[in-house]
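Undergrad: In case it helps, TrEMBL gives these features for our protein:
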type     : residues : note
COMPBIAS : 529-540  : compositional bias 'Basic and acidic residues'
COMPBIAS : 575-603  : compositional bias 'Basic and acidic residues'
DOMAIN   : 337-427  : domain 'BRCT'
REGION   : 278-297  : region 'Disordered'
REGION   : 518-603  : region 'Disordered'
Amino acid sequence: MPKHYRPAGKKKEGNAARYITRSQAVKYLQVSLSLFRKLCILKGIFPREPKKKVKGNHHTYYHTKDILFLKHEPLLEKFREMRAYEKKIKKAVSKKNRDLAERLLTRKPSYTLDMLIRERYPKFIDALRDLDDCLSMVHLFAALPAVEREKIPVNRVHNCRRLGHEWQAYIARTHKLRKTFISVKGIYYQAEIDGQKITWLTPHALQQVLPDDVDYNIMLTFLEFYETLQAFVNFKLYHSINVKYPPILDPRLEALAADLYALSRYFDNRASTAESSTTSFSETDVSKDQGEGPNYDESELRLAQLQQQIPSNEPGALMHLVQNATETDEDDSETRECKTLFKDVKFFLSREVPRESLLFVIPAFGGSVSWDGEGAPFKETDQNITHQIVDRPTQGHKFLSREYVQPQWIYDCVNARILLPVEEYIVGRIPPPHLSPFVDNEAEGYVPEYAETIKRLQAAARNEVLPMPGVGKEDLDDPQNLLVEGVLDRAEAIEAATKKRKMSVLQKQYHDELKKELRSTQISTASDGNKESVPEHVDAGEDSLPDLSQISKDADSMSKIVMPRKKQKLLKAMEIGKERKQASVDRLKERKRKIEEGKKSGK
């Protein structure tokens, strides 16, 4: 009898019991493949990779416990009920019973994903950690066209657009935006909420072409879950700052495609209403204590509050609502810095610039902004405008009281957290390179020239003293105090650099002495007759002694030989990664050298 023989009907063990193939799972649940895929997406169940694939390498495996979770899922029964109901409708239509078919369509069963959100994200911080893909998917479908053949309805696109604008309005009014970067794929944003960094991608405002090799049914299933998750997150965030959700927008601004500005107006109106309601309630409390206050009905109070929230003579609805609600002392230093970056700056956007992105970024850093069109808060002829954002080769009519800059200036200022000089960003000039804030230049091994320029500007803006070449930061005891006292000058900096060089020379001498001790060389200087023979003896000893670098190489090779094969592969992959990084750094340096040579030859 073989060692691993198992009689027929005996209980399975090991991977055969822990994992199940996809075809077995579909047969076990008695559902179609599309419905099984939809259930897995909604429940967050993904395929596994067992160490030993019992049925072969060409199968997809799932954990048996995950399939049991799907078996007891209430949504499975709801889907079966909906499928049976669709058969009733189809039967009524085939029998030409129109009244019964219409009556059945009006009572068609539906389902919600609220319990799944509560199940997958027990805490709010869990939902924030999983919000990156959700935001990217919602903003993607907000920019897609509604296509009937791909089953992308108009209401789904409008709902995604509304959810995206509500999220951006909250981020802008609470000043939680931290980084932004424009790439070929779109515009990257990064916000920080409750200590969690959330990064998402929004496509450019261009006509989107739907490729044929994408399964939109799967993407729409993900979108269905993400829409519910985003609505839950927006609800929680709005209520955390005492703002009613969902917001009520001005239909005129919605018709003008100024949803984000409408949200800002809604925030402002809500904030002013909160202040007025608190003062009115305090007055009524005092009058009740004095016995003079009339007894108002609760419905009348709610109607009065609603009339205050939505004034008829003022357009707008959403982003300024939480301006006063978010001005608390609990903001951290980074939020306060972001809040005051564009504090005294007033922007005007030309027609050709990306309006939605700038309407989101500028208020997030404390600036006021308007645009060319209906519903704008102020016109182009306003004399208080300090900067006008233009993205065209030339500008005809110019106001002398304002600066005309390209849109990249806004994003570079946001990433640098200072107002950069506008000379490099004026109209008609090629702007400096747009550096990504998501790349650590020190870790990559290559620091661009413009990054060093921005670092110097940041130090000058914060009244800091950068160390001179050859002087480390540890040599400056307290640069701020030294700058205030007026003690730090060029002579002291040179003296510190000299001291550091002396320390390096002494350290080198110390290492040389250690090497001599290792070689165990004994030089005798007792008699004059041996003076000539000593150098020959020393040279012979040096030739016979092994090289220290060779010893280290041999030790490294020996350690690699002793390593297990798995760790050897890992070490080899790390070395390949370092070589690729160094190759990319060398390529960038070579490209920079060629550009500089071209500039010199052109002059």
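Note that Cβ sites are derived from N, Cα and C of the backbone, with glycine treated the same way.
In TrEMBL, annotation is done automatically, which means it is predicted and not curated.
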Undergrad: What are the helix, strand and coil residue counts for the compositional bias 'Basic and acidic residues' (575-603) according to DSSP?
TA: 28 helix, 0 strand, 1 coil
Undergrad: In the domain 'BRCT' (337-427), how many residues does DSSP put in helix, strand and coil?
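TA: Helix, strand, coil within the domain 'BRCT' (337-427): 26 helix, 15 strand, 50 coil.
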Undergrad: On the 0 to 100 pLDDT scale, where does the domain 'BRCT' (337-427) sit on average?
TA: 89
